[in-house]
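Can you keep this structure in mind? I'll have questions shortly.
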């Protein structure tokens with residue numbers, strides 16, 4: 001066991017997670033069609049503050065993230081402060097770590113708390129796959145810059161004459177890795193082939209995710225942590241996530257064709273997480289500040305770890321790399337955990353990480369560790385379903401997982417929970433949470 005790194009302030013305070021909330025998650029171009037991520041962020045932070053009745057001046061910092069950024073509002077965090085009635089002097093900045101963005105936001109606020117520069121802050125993220133920054137071609141962009149500098153009409157017309165019809169076509173945001181050109185689904189296909197993960201196994205995990213999520217909603221387990229969203233023209237509120245397939249069967253999954261490797265692939269739209277809109281946020285405080293305000297924390301942040309690996313092959317192995325570090329820093333092992341919540345970007349990616357967490361060979365030959373991190377107990381794993389069912393607004397998923405895990409730990413009488421995710425760029429994140 002390596003060095004334990006307690007997350008406490010100089011006064012010995014633990015980092016308390018006081019409350020968490022999210023919007024319902026909606027599939028692309030459905031309930032939140034036309035609602036920018038900034039508005040979703042304002043929606044959830046405003047409601048979170050209203051529910052907790054925490055005075056606005058108590059919050060000293062807001063760290064928020066957005067993966068698909070809009071050029072007109074590059075600092076979503078500051079826009080949320082200005083758009084929710086928070087104190088205008090509240091420090092606010094934005095972060096981006098792809099699918100682990102709100103993990104990063106939480107870590108940043110925690111570091112400010114430990115440094116003693118603040119005593120309370122908000123962390124979270126929002127993304128919209130329905131409101132996108134549609135760009136222009138590189139050639140058109142260059143011509144427009146040159147036209148802006150041209151002095152005469154003839155010079156401008158000459159510049160425009162260089163363009164062809166194809167140069168005028170809109171350019172949607174890239175869905176591939178900038179450095180490799182590989183799509184996330186291509187990487188999931190790599191992982192399925194590398195680790196021998198079958199189509200049947202992937203479909204079974206996806207089906208399990210939807211069943212567990214549907215059950216969680218039907219039993220009322222998510223009611224406290226998901227707000228009702230009222231969307232223009234305000235005819236019908238959105239109360240629940242709209243991606244969950246409660247009545248599907250395994251046979252339904254088998255009907256879909258591969259989405260990336262059309263001839264030999266096993267990754268489909270059904271065993272992958274969909275493009276989604278939504279926002280989520282959590283309030284963090286020092287333990288003593290929470291007591292001063294008479295607040296009972298949901299739980300505490302025990303440890304966290306971020307890792308990075310090469311992007312060319314099987315890059316979505318973040319959980320297999322970051323989990324042992326987070327456990328080590330928490331002074332725990334896999335067997336000490338009550339719950340394990342892993343982001344399901346793809347069923348193939350999820351199953352590959354589960355396999356490697358229990359692999360002695362991977363631990364020895366790749367991580368340089370004496371023993372495997374530990375087998376994943378199915379009874380502890382994604383007990384309320386995961387991202388395949390709920391959806392994945394990139395920057396919001398981490399805050400969803402943290403809030404959901406802490407609520408479930410409290411229902412079970414407390415314990416330790418692991419939340420972990422892969423992210424684009426070969427990045428990984430893991431956090432250990434504690435509830436009493």
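Every residue gets a Cβ built from N, Cα and C, even glycine.
Checked Swiss-Prot, it gives:
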- 99: active site, acyl-thioester intermediate (ACT_SITE)
- 392: active site, proton acceptor (ACT_SITE)
- 422: active site, proton acceptor (ACT_SITE)
Per residue, counting other C-beta atoms within 10 angstroms of the C-beta, which of the active-site residues 99, 422 reaches the highest number?
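Of the active-site residues 99, 422, the highest Cβ count within 10 Å belongs to 422.
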Can you see whether DSSP assigns residue 422 (active site, proton acceptor) to helix, strand or coil?
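DSSP call for residue 422 (active site, proton acceptor): strand.
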For a quick check of packing: other C-beta atoms within 10 Å of the C-beta of residue 392 (active site, proton acceptor), how many?
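The answer is 26 other Cβ atoms.
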What's the CA-CA gap between residue 422 (active site, proton acceptor) and residue 99 (active site, acyl-thioester intermediate) in angstrom, rounded?
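So the alpha carbons of residue 422 (active site, proton acceptor) and residue 99 (active site, acyl-thioester intermediate) sit roughly 7 Å from each other.
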Rounded to a whole number, how many Å is the Cα of residue 392 (active site, proton acceptor) away from the Cα of residue 99 (active site, acyl-thioester intermediate)?
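With the alpha carbons as reference points, the distance is 8 Å.
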